[in-house]
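Encoded as structure tokens, the structure appears first; notes follow it.
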Amino acid sequence: MATCPPGPAGARFPRRPRPGTPPTPPGTRPLDADKYENDPELEKIRRERNYSWMDIITICKDKLPNYEEKIKVFYQEHLHLDEEIRYILEGSGYFDVRDREDQWIRISMEKGDMITLPAGIYHRFTLDEKNYVKAMRLFVGEPVWTAYNRPADHFPAREQYVRFLAQTA
Ligand SMILES: [Fe+2]
């Protein structure tokens, strides 16, 4: 695994998980990040969810051009008009998402974890104190990376997500 010198801390500390947070859902087989190039479980997810496009990004001072700037952009609260799908292959980091009461929930992401953030959810990403993550980015069709910083409540994707939250209350 590549190593990077420690960077500035600050936002990069763990928060306690919510009590009762369930582990991997029943009936779900774990992904094997060491075999991501030939993992039938990953292929199944991609096929079922139509994740036709993918690439791999390494977020690390020595490997990512404009690292400092990108880190700030990732940590700015924003939304997308499409799903954001990430699969951690090495290293770790945190996704923060807003809950129903508009409070942050910190999601710890480690090797083998996959997350799908729905279109219209406010979120942000940060590395942790290890300052290194290698992740697969997946997308339905051609990727669109545009991030809309908060406030971005006027987008139909946001309105749809808010309606979804209301229905599941
Ligand atoms: Fe994002």
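Quick reminder: no glycine exception, Cβ is built from N, Cα and C everywhere.
Sequence-distant neighbours of GLU84 (Fe(2+) binding site): residues of the same chain at least 6 apart with a C-beta under 8 Å from its C-beta are ILE115, THR116, LEU117, HIS123. In the three-state DSSP scheme, GLU84 (Fe(2+) binding site) falls into the strand class. Under the heading Fe(2+) binding site, TrEMBL lists HIS78, HIS80, GLU84, HIS123.
Under the heading Ni(2+) binding site, TrEMBL lists HIS78, HIS80, GLU84, HIS123.
Residues or ranges marked as compositional bias 'Pro residues' in TrEMBL: 19-28.
Taken from TrEMBL, the feature compositional bias 'Basic and acidic residues' covers 31-40.
Per TrEMBL, region 'Disordered' is recorded for 1-40.
Of all Cβ atoms in the shown protein chains, 20 besides its own fall within 10 Å of the Cβ of HIS80 (Fe(2+) binding site). Within 8 Å of the Cβ centroid of the Fe(2+) site, not counting the listed residues HIS78, HIS80, GLU84, HIS123, the chain contributes LEU79, LEU117, ILE121, TYR122, ARG124, ALA147. Here the binding-site residues are HIS78, HIS123, and the one with the most other Cβ atoms within 10 Å of its Cβ is HIS123.
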